[in-house]
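> Take a look at what TrEMBL says about it:
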- His185, Asp208, His210, Asp212, Asp306, Asp308: Mn(2+) binding site (BINDING)
- 1-21: signal peptide (SIGNAL)
Amino acid sequence: MAIKIVFGLSLLAAASQLIFGYPATGVSYGDHELRAQRPIVKAEPERPKGDGEVTADAVFSGIGTFAHLPFAQCWANGTADFDIAFIGAPFDTGTSYRPGARFGPAGIRDGSRRLNLYGGYNVPMDVNPFSDWAKIVDCGDIAVTPYDNKFAIDQIQFGHQELLHRKPATATSKFPRLITLGGDHTITLPLLRSIHSAYGPISVIHFDSHLDTWKPKVFGGAKSDQAAVNHGTYFWHASQEGLIKKGSSIHAGIRTTLSGPSDYENDGNAGFDIVEARDIDTIGTAGIIERIREVVGENPVYLSIDIDVLDPAFAPATGTPETGGWSTRELRRIIRGLEGIKLVGADIVEVATPYDTNAQVTAIAAADIMFEVMSLMVKKPLDDLE
C-alpha cells in the first residue's frame, strides 16, 4: 500500500511539473522532501541589432571595402567622421625577401567580403561590431609612392595622423581609432610616430615570427640612412625615438633564427618581453593571453600583427615565412582573450597577395583576424582613457 502511495505521489509530481513547469508543493521522494518552488521565468535576452534580419544576400558584389563597410573619402573630405576607420598602406619596398605586400590592402579587403555573410555577429565575443555603437568606415588607401622610401614613410605618418586627430563621430574619447592594412612591416614606424602625437610613448603588442628590433648594422648592414629603415629594424628606430613604452611591450609568436644571443639582449634594451611560438606547447593559449595581459597592464596599447605569426600552412602568402607557427584558430583565440585592453590602434602587415593560394587562404585569415580586432575595439570604448 505504501508503495502505491509513493508511486501515486510521484505521478502527481511529474504531472504538476509537466503542466505548470515546477514541482508540486510538499512532495516527498523517499526521505527527501522537495520544497515548493516558484516557476523559473527566463528573462528575454537583449538581442543585438540585426538579429534575425536578412543575411547571405550577394556579399560577393559591390565596392570592395573591408567587409562592405561604407566608403568615406576621409582625406578629401575634412568633415568625414568615424569612430573606427580602416585604411590601407600599400608599401613593400622595405622588405628583405619576397615583395608583394603593396597588394595586401586590396587582398585583405577582397578576403573580407564574406565577413558579414551571416550578419556579422561575433559569437565568441557576443558582439556585432557592424551594428553596435561605433561608426566604422573604410577610408581607402593612403597615397604611397613606390619610388622614394623616405617620402613614402612620411606619407604614411601624416596620412594616418591627419585622420587620428579627427573628432570621433559618436565616442566620447578624444581620438578615433584606425586599423591599418599593410604593407610590409616598415609601415609600423610611421604609424607609431603618428600614435605618439596623440598618446605619447605607447605599449605595443607585437604578433610576429621575427623580433624586428635588429640594429641596422646587423639587419641589412645599414648601407645608407634610408636602407637602415626596413621591416627588420623599425622597432629599433621606434625605441630610439622614444615611441615605445619600455617594460610594458611584448612580442608573441617569435620563432626566428638569430645572428646570436646578442639579438635578444638588444631586444630587451628596446623594451620588449617575449613569448616564443613554442611556448604554446606548454602553457597553451590561456598562458599566452595571461602573459600578454600581465605585461601591458592597464596601459594604452597599440597592436601590430605580422601575418607570418601564423604557420605557412595557414598563411603562405607572406614575405618571410617561418614554419612552426600558430594556427589561425589559436591566434584568433589569443586575440579574443585580450578583450578589455585599452586598444588605441592596430595594423596587420606582410600579406603578400601574389603568393596566396587561389582559395585566398592568407587574405581570408588576415581579414578574420582584423574582424576580431575590430570586435575588441567595439567591446571596449576608450571613454575612460585619460
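Using N, Cα and C of the backbone, Cβ positions are placed for all residues, glycine too.
What TrEMBL says about a protein is an automatic prediction, not a curated fact.
Keep in mind that this is a model prediction, so the values were computed, not measured.
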> For a quick check of packing: other C-beta atoms within 10 Å of the C-beta of Asp212 (Mn(2+) binding site), how many?
28
> Among all chains shown, work out which of the binding-site residues His185, His210 has the most CB atoms within 10 A of its CB.
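Answer by Cβ density within 10 Å: His185.
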> Within 10 Å of the Cβ of Asp308 (Mn(2+) binding site), how many other Cβ atoms are there?
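Taking every protein chain into account, the count is 29.
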> Including all protein chains displayed, how many Cβ atoms other than that of Asp208 (Mn(2+) binding site) lie within 10 Å of its Cβ?
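Total other Cβ atoms inside 10 Å, all chains included: 26.
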> Taking the recorded Mn(2+) site as His185, Asp208, His210, Asp212, Asp306, Asp308, identify the other residues of that chain whose CB atom sits within 8 Å of the mean position of the site's CB atoms, giving them in sequence order.
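Going along the sequence, the neighbours appear as His206, Ser209, His231, Val309, Thr320, Val349, Glu350.
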> As a test of the contact definition, list every same-chain residue at least 6 positions from Asp306 (Mn(2+) binding site) whose Cβ is closer than 8 Å to its Cβ.
His185, His206, Phe207, Asp208, Ser209, His210, Asp212, Thr318, Ile348, Val349, Glu350
